[in-house]
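Below is one structure, written out as structure tokens, with a few remarks after it.
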Amino acid sequence: MELSLQALAERFGGEIVYPGEAYNIKFSSINTDTRAINHGDVFIALKGPNFDGHNYLDVATRKGAAAAIVETPNTNLDLPQWCVGDSYKALGELGLASREKFKGKVIGVTGSCGKTTVKGMLAAICSLAGSTVATRGNLNNHIGVPLSLMRLANEHQFAVIEAGTSGPNEIKYLAELIQPHVAIVNNIMPVHVEGFGSVEAIAIDKAHLYRDLVAGGVGVLNVASAQQPTLLDALQGKKITRFNPELTDEAADVRVQYIKQDTFGRAEFSAIIEGEEVEFKLGVLGAHNVANALAAASAARAVGISIELIKRGLEKYTGDKGRMQLARVNEKLTVIDDTYNASPGSVKAAIDYVAQFERSAIVLGDMGELGEMRNSAHEEIGRYAQQKQIKQLWCIGEASRFTAQGYGPHAKWFEDKEQLKQALPMLCSSEVVVLVKGSRSTRMEQIVNALLASGEQK
């Protein structure tokens with residue numbers, strides 16, 4: 001969305017340095033990284049513990065930046081600069097200004113698990129109905145959300161914006177920027193408990209996305225959530241579309257009727273939508289994705305997209321890198337890459353998926369940010385894998401030692417990745433489906449790459 005440097009400075013304050021041409025500058029693209037900057041972009045100089053964008057103002061100038069947003073101006077450069085007190089705050093103000101000019105429908109997505117999948121499903125659905133902009137990857141924080149909002153343009157009819165959090169009041173801030181027409185809180189689980197202190201505190205924070213719905217907006221509510229009372233409190237006086245992902249009789253506008261899976265676990269299911277029974281096929285793996293699909297379908301209907309386009313979009317969406325991606329390596333080895341992240345809920349969903357295979361194995365890294373629940377949560381995952389009769393459980397990481405203990409004496413625990421990699425031929429010696437998962441910090445994709453390489457060498 002095209003913005004004026006002068007209008008921004010007049011609205012939000014600050015000083016324009018080198019004002020000659022600056023007051024006439026209009027721009028629609030900003031960048032925080034000079035390596036990716038294009039001619040005519042506005043460069044915003046952010047500061048962090050280990051970096052300072054102000055050190056790269058000369059690079060931005062050489063690459064043709066139209067202007068820069070800075071906390072400390074460099075008057076030696078032939079570069080218009082909007083000098084502000086806080087570059088991060090200014091970035092948010094840019095996102096807000098772009099959002100306020102947008103005339104299309106905005107869908108905001110948050111939740112403890114599955115929000116990126118719901119966002120991807122919605123992007124696939126909305127793109128069939130009109131021009132759509134969606135959060136790239138998981139750029140869902142105080143930097144990523146404003147950058148996503150800055151990509152809004154007049155030709156877009158839909159925007160699907162993901163909001164993530166690791167601590168209190170982050171969703172509150174992001175919701176004020178997003179101002180959704182439709183808001184989804186997909187679920188509430190013990191993710192980032194370390195930063196919040198309790199699951200209830202997580203629910204209170206996520207519910208801010210509902211509170212900032214535009215007038216007449218719709219909140220999409222998961223009736224299976226144990227935190228439903230907290231979420232309903234945020235939805236007082238607002239329109240609600242309820243979805244029920246469980247095979248129960250609890251009343252909902254959208255509810256699942258039955259679920260079945262094909263050979264590799266792609267779900268086919270029937271759902272009641274507005275009183276009509278509809279058959280769906282998913283392009284992603286795992287019955288747990290039915291809940292994500294119902295959330296996406298509910299939001300899509302709320303912005304007026306037809307059921308036929310919803311069906312096509314859900315079948316079209318095949319997932320993102322590191323999220324239940326299946327690779328048939330050879331006649332013996334199938335690898336499922338679910339390494340993007342891990343929480344107790346998402347690991348249990350992965351275990352449920354792998355349990356359908358007769359020869360199943362899981363390689364698990366640590367789950368992060370669990371606070372005082374760390375040891376007990378990992379041990380519970382081990383017990384769950386044993387209950388689901390996972391044939392082999394290999395664990396790596398200090399916390400995952402408790403996962404191995406929960407599973408029992410037949411689990412294997414490795415001190416480091418090199419030790420685990422050396423043992424992989426033993427895991428792949430007979431026909432097996434191996435799922436690999438761990439929190440982002442564990443970089444378990446390295447194990448996926450090693451498995452793929454070992455299979456190709458056979």
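Cβ atoms are placed via backbone N, Cα and C, with glycine included.
According to TrEMBL, the domain 'Mur ligase N-terminal catalytic' annotation covers 27-74.
According to TrEMBL, the domain 'Mur ligase central' annotation covers 109-300. In the predicted model, the domain 'Mur ligase central' (109-300) shows an average pLDDT of 94.
Annotation for G111 (ATP binding site): spatial neighbours V118, I184, V185, N186, N187, I188, K206, criterion Cβ-Cβ under 8 Å with sequence separation of six or more. For G111, S112, C113, G114, K115, T116, T117, the entry in TrEMBL reads ATP binding site.
The domain 'Mur ligase C-terminal' annotation in TrEMBL covers 322-440.
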Legend entry - Shell of the ATP site beyond G111, S112, C113, G114, K115, T116, T117, same chain only (C-beta within 8 angstroms of their C-beta centre): V109, V118, N186, N187, N292, S346
Legend entry - Candidate with sparsest Cβ neighbourhood (10 Å radius) among T116, T117, the listed binding-site residues: T116
Legend entry - DSSP three-state assignment for G111 (ATP binding site): coil
